[in-house]
Amino acid sequence: MEMYIETNEAHLNSDMSVEAVDTDKNAEKIDKNKKYFTCDICDQKFYQKQLLEKHSHSHMKEKPCSSALHNKEISHENNLNHRTLSKEKPYSCDVCGKVFSLERNLFKHYPIHADEKPFSCDVCGKKYRLKSELKVHYKIHTNERPFSCNVCHKAFTWKCNLIRHFQTHTNEKPFSCDVCHKAFFRKANLNEHLRTHTNEKPYSCDICSKNFSRRDKLQMHQEFHTEEKTFNCDVCHKEFSRKVYLKKHFRTHTMSENPFSCDMCGKSFILKCYLKRHFLVHTGEKPFSCEICNKNFSRKDKLKAHFRIHTKETNFSCDVKKFSES
């Protein structure tokens with residue numbers, strides 16, 4: 001979307017941009033008060049003299065500039081003039097229905113709906129600002145995966161995910177850190193990594209205001225506050241806090257063999273994530289750290305169990321304080 005806006009605005013005269021915006025707000029006033037420059041040949045009207053001069057070249061046998069880019073620019077400006085003079089408004093907001101003559105004005109209008117999410121998914125209840133965003137989300141429930149990898153045949157819902165996945169086969173890491181030169185598959189991963197150097201923590205918990213450098217760390221932290229398990233397994237009735245955990249668990253009921261085996265000890269697992277978690281036993285790595293005492297754990301569930309110790313201690317000290325004050 002951003003590339004499209006920049007491409008179109010590159011053809012626009014800066015003065016014309018002002019005129020187009022003003023026209024969108026006060027079309028009737030401009031029709032009555034503005035001075036038009038009229039073409040002597042086709043009677044087409046223009047708000048600016050230089051646009052009329054450019055338009056006049058379209059009637060000449062010898063054009064001063066024969067490049068395709070110049071012709072496209074004239075055609076684009078003529079279309080803008082025709083649209084503003086005729087009050088044609090083909091671009092409409094899919095949130096409130098307001099219409100605009102220029103697409104860029106529609107994009108400028110969208111931010112006023114930033115806090116509104118009128119479109120909700122009838123499957124999971126998640127809400128979105130735009131109807132187009134809801135359509136994109138809905139493919140998750142339909143399990144539609146039209147894009148497949150020609151190397152390993154893994155299928156994806158989105159083309160961008162396929163492109164990103166394909167880099168794992170080529171080992172291409174085009175995004176490198178200017179500080180430590182570590183390379184990444186995705187620019188988003190590089191941006192997250194850069195925060196380790198800047199100590200930036202843009203993700204804040206709306207319950208305790210604690211800040212985090214990564215979104216997934218914030219989500220993991222918020223589970224300590226809620227501990228809600230709203231997703232139930234239909235087979236064994238085990239409860240989960242997130243739908244993605246339920247999906248992973250459900251595969252344990254549908255798969256009859258363990259396809260993922262450890263290269264070091266030969267132990268096999270039904271899910272790849274279980275194999276990765278098991279492999280930490282051999283490496284001794286403990287990636288999950290307690291935010292209060294900095295104790296490290298190899299598994300997330302062990303960190304959660306440990307965290308309850310601090311929660312109970314906090315509640316106890318609070319009760320003592322209340323007792324001493326009474």
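Backbone N, Cα and C define each Cβ position, glycine as well.
Annotation comment: TrEMBL describes 37-64 (among others) as domain 'C2H2-type'.
The domain 'C2H2-type' annotation in TrEMBL covers 91-118 (among others). Look at the domain 'C2H2-type' (91-118): DSSP puts its residues at 11 helix, 4 strand, 13 coil.
Across the domain 'C2H2-type' (119-146), the DSSP tally of helix, strand and coil residues reads 12 helix, 4 strand, 12 coil. Feature annotation from TrEMBL assigns domain 'C2H2-type' to 119-146 (among others).
The DSSP breakdown of the domain 'C2H2-type' (147-174) into helical (H, G, I), extended (E, B) and coil residues amounts to 12 helix, 4 strand, 12 coil. The annotation domain 'C2H2-type' is assigned in TrEMBL to 147-174 (among others).
Look at TrEMBL and you will find 175-202 (among others) tagged as domain 'C2H2-type'. Sequence-distant contacts of the domain 'C2H2-type' (175-202) (same chain, at least 6 residues past either end, Cβ-Cβ under 8 Å): 164, 167-168, 211-214.
Mean pLDDT of the predicted structure over the domain 'C2H2-type' (203-230): 77. Residues annotated as domain 'C2H2-type' in TrEMBL: 203-230 (among others).
Within its own chain, the domain 'C2H2-type' (231-258) has Cβ neighbours under 8 Å at 124, 223, 268-271, 273, counting only residues six or more beyond its boundaries. TrEMBL lists 231-258 (among others) with the feature domain 'C2H2-type'.
According to TrEMBL, the feature domain 'C2H2-type' maps to 260-287 (among others). Beyond the domain 'C2H2-type' (260-287), the same-chain residues lying 6 or more positions past its ends with a Cβ under 8 Å from any Cβ of the stretch are 248, 251-252, 296-299.
Shown for the domain 'C2H2-type' (288-315): DSSP residue counts in helix, strand and coil, namely 16 helix, 4 strand, 8 coil. The domain 'C2H2-type' feature in TrEMBL is assigned to 288-315 (among others).
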How do the residues of the domain 'C2H2-type' (260-287) split into helix, strand and coil according to DSSP?
12 helix, 4 strand, 12 coil
Non-local residues, at least 6 beyond the ends, that sit with Cβ under 8 Å of the domain 'C2H2-type' (203-230):
192, 195-196, 239-241, 291, 300, 304, 307, 311
Let's see if you can do this one: DSSP helix, strand and coil counts over the domain 'C2H2-type' (203-230), in that order.
12 helix, 4 strand, 12 coil
